[in-house]
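K.L.:
Before I ask anything, here is the structure I am working with.
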Amino acid sequence: ITMSIANTTTFMPSLLTFIGIPGLETIQCWIGIPFCAMYIIALVGNSLLLIIIKSEPSLHEPMYIFLAMLGATDIALSTSIVPKMLGIFWFHLPEIYFDACLFQMWLIHTFQGIESGVLLAMALDRYVAICHPLRHAVIFTRQLVMHIGIGVTLRPAILVIPCLLLIKCRLKLYRTKLISHTYCEHMALVKLATEDVYINKFYGLLGAFIVGGLDFILITLSYVQIFITVFHLSQKEARLKAFNTCIPHICVFFQFYLLAFFSFFTHRSGTSIPPYVHITLSNLYLLVPPFLNPFVYGVKIKHIRDKVVKMFHSKEEA
């Protein structure tokens, strides 16, 4: 028995190999086309948002600063996954060094956590602006916005590090070098180990709750309180204006967390879901928000929409 285990396990493999999307290997080259298109649109759209917010002094307010942080995070998150994914799909480059895999994992989960934190900051900003409008300028100072930005960045960056250390220091034997995924996801890598992974799973759940779970609860409570306040407004125009400022944030909130929860729970309990469905949706979870966010905010927020129209209109006149 000991010999058979030794023959089927690898001690700390230096190289890992991505399978891609299990069951769809023969058509991955075609699947890469829409993913590449979404990535390019996400880069252009979020870069345009950053340029508009930076160049327009009237947009240097907390809501737009948080939006710029979200755009920068979306660019970083999609860039940490798509180039390697396209290398697997198009150029037959499925291998990755073990340490590089851990680094990619740290990048992806850190940027996911930052995005969640920024969504929470935006929800709290809207809560204060609508429920306590006279105190908004006093509460959301430039210094507080800067501290929030540092906090939402450091929180996931630090919390993800123990995940990497638990893998690197505890898990030595692996049943295979093949990862049934297109990127280094925590549970996808942990499942390869032959040893007891209870602590790894527990800390993964704890970290996910501290970041995503608490953020989800606080964001939900913020919008519930906002809706209660809005419904008590006497003027119809005031109610509509308040709703319009919240709609893009709520759309982004739902698209981010619905896909996040599906990806998170299917990795742990979704044995009945075909692997290709789970892996495809996991990829969409990381690509759809960066792809859609510029459209949502560009269409729904009047100040940004006007600046985009003005920018292209001035180019046409030139």
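The first residue you see is number 1, and the count goes up from there.
Here the Cβ of each residue, glycine as well, is placed from N, Cα and C on the backbone.
Straight from TrEMBL, here's the annotation block:
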TRANSMEM  30-52  transmembrane segment
DOMAIN    45-297  domain 'G-protein coupled receptors family 1 profile'
TRANSMEM  64-91  transmembrane segment
TRANSMEM  103-124  transmembrane segment
TRANSMEM  144-167  transmembrane segment
TRANSMEM  202-230  transmembrane segment
TRANSMEM  242-264  transmembrane segment
TRANSMEM  276-297  transmembrane segment
K.L.:
I'm a bit unsure how to read this: which one of 103-124, 144-167, 242-264, 276-297 has the highest number of Cβ pairs shorter than 8 Å with the transmembrane segment (64-91)?
P.N.:
103-124
K.L.:
Taking the transmembrane segment (242-264) as the reference, which of 30-52, 144-167, 276-297 gives the largest number of Cβ pairs under 8 angstroms?
P.N.:
276-297
K.L.:
Quick one: mean pLDDT on the domain 'G-protein coupled receptors family 1 profile' (45-297)?
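P.N.:
Averaged over the domain 'G-protein coupled receptors family 1 profile' (45-297), per-residue pLDDT gives 91.
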